[in-house]
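J.: Pasting the relevant annotations from TrEMBL:
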- 67-87: transmembrane segment (TRANSMEM)
- 142-162: transmembrane segment (TRANSMEM)
- 168-185: transmembrane segment (TRANSMEM)
- 229-252: transmembrane segment (TRANSMEM)
- 264-290: transmembrane segment (TRANSMEM)
- 310-340: transmembrane segment (TRANSMEM)
- 351-393: region 'Disordered' (REGION)
- 379-393: compositional bias 'Basic and acidic residues' (COMPBIAS)
- 401-418: transmembrane segment (TRANSMEM)
- 424-443: transmembrane segment (TRANSMEM)
- 450-471: transmembrane segment (TRANSMEM)
Amino acid sequence: MLAVGAGGWLPGWQPWPLLLLAAPLLWWGRDAAGAPPGRTPGTGRGRLADTATARGGRAGLRLSDRWLGAVGLGTVLSLTVAVWAALQDHEPWIGHEEAVYANKARSWTADGPPDAGWGPYRPPGLPLLGTIALRVHPDVGALRTVTLLLALLTLTIVWLVAARWTTPVRAALVTLLVLSGLGFLRRMPEFLTDIGATGLLLLVVYLVTRAQERPESRALLLLPPVVLAAFYLRYGVVGNLCAIGLAALLAYGPRAWAARARDLAVAAGLVLLGLLPHFMQATALTGWPLGLITWATSQAERSFIGDGLLYYLAIFPYRLAGDLGAVVMVAGLAAAVGAARRLRAAGAWRRPPLGRDRSRRAARSETGRPPGPGQRSEPGQRSDDRSAVKNRPGVEDRRQVFLAATAVLLPVVLGTATDGEPRFVYLSVVLLTILGVQALATWAGDRRRAVLAGVAGMAALTVLGTAQVVAHGAMPGPTGQNRSTVPVARAVAAEADGRPCLVVTGYVPETGWYSGCDAVTYRQYRRLPERPPADRVVHFVRYERGRLQPDAEGVARLTEGLPSRTWRLPTDGSLGIATIVTLR
């Protein structure tokens, strides 16, 4: 119905009917098993029966599982490319936020025009990647291809991490569910930073769990390059990192981290070293090292402190992940609550995970010699993450608590510090989806294959339905606005006839991109220390239904005493007729 109806049959363009199928399926699967999340009858704690020993041996099934998971990932990535390509036709012009990064990227090319709308509080990572793309092919498609590659990379990271925590097949289902989410699919075709940063943040979460679950691991020393890459791609990850750190402290306890104080200190030192260029720039521009971060936070469009949190509470979980993803996310939360109860009942909160020194002493007492960091496993012993922790009580439960705590704290921290948007909390969607898929498989027991296959089928249908919702419900608004701003931008560029130009408008970034002129808002123009030089063509643009613009008398006051020409340009966009005053 979703695909054939193009979303038009749905009130508010929302794919809600699948919720009616997903919720009963979840309940049906839950009744089939009496075991708590994280266990399956007959298989013990850890990975579930998909990889248990059966005919053909363990190795054969594990190999088959990996191949099926890899094929599933390839299918999801192919679907991602197809949906990305299809959605480009519905939003062919670059949007407001995209144009900010696009203008900066183009300004770094040879003889590039000004970076209209850019502010120093924005990170340089995406414009740097965009500059490389524009040198290959100078158009919007090249820029959006960059974020397509970032989306494919993020989905691959999701699969790799989820496969370590569940199975490769379930990891492929996780990636499909993430792709089907309304929040994710809406921004996936655009030249933005959020999806790429999500993949890097997920790597941070994985390295944190690995450091605690593998006492001999040096995973913390791998954090600096990942953290720095995420930071320079999106400054807003500071809030995400704070939430991850707080969740890690709550889930694993201070003593567990004190046992890794040396690695933590080295990792923190390397991160600070990598941040020195940023601190130097911030000090030069604002007077103190954190000035750019606070400047970026001050750009939040919020009415009061905490309105972002209220927004997240209002949209959780449906508007983040869609109807099917919402059910899976709730299942993940329920699984984490069960894990927390088991830890509390077992007294594991008072018994921290083994630190490196304690684990080495325990190994010495059992074998008579300390294990070396490169020590080989005994024949037949599995050497992956799950085998290393399968005999340590509460490890997987503690991991579930950490992942869920991170997912919950993210919107709390970000919603308090800034305004709310679904793209800011993609990591919460990914983490709860991983927990939810594992919980569904556990609750379904022997029927887990049928349940997961049903979820996968609905997820594939949801991708098609959500794509229709995005194409016919979300994209027409920005596209209709661009039908006004793009013709005007091209017209003022033609009027300048190759001379330097400045456009004063309420739509700065997109006007700058399509005109090649510099652009400022009316407020910024009033604050200019001096008038533009005489050789620069200045246009004042007002729309019939525009925003952030004065009335005709206000424009007349700005141009009073200056020779000018007033002309009108009809457009078929949502902003209506444009009135342009050009200074002679």
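Every residue gets a Cβ built from N, Cα and C, even glycine.
Source: prediction; values computed, not measured.
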J.: Decide whether the stretches the transmembrane segment (229-252) and the transmembrane segment (401-418) have at least 3 CB pairs under 8 angstroms, with pairs required to be 6 or more apart in sequence.
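T.: Checked: the transmembrane segment (229-252) vs the transmembrane segment (401-418), in contact.
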J.: Should anything in the same chain at least six residues away from the transmembrane segment (401-418) have a Cβ under 8 Å from its Cβ atoms, list it; otherwise answer none.
T.: 205, 208-209, 236, 239-240, 242-244, 246-248, 250-252, 297, 300, 302, 305-313, 316, 332-333, 335-337, 339-340, 343, 424-425, 427-429, 431-432, 434-435
J.: What stretch, picked from 142-162, 168-185, 310-340, 424-443, has the most CB pairs under 8 A with the transmembrane segment (67-87)?
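T.: Against the transmembrane segment (67-87), the leading stretch is 168-185.
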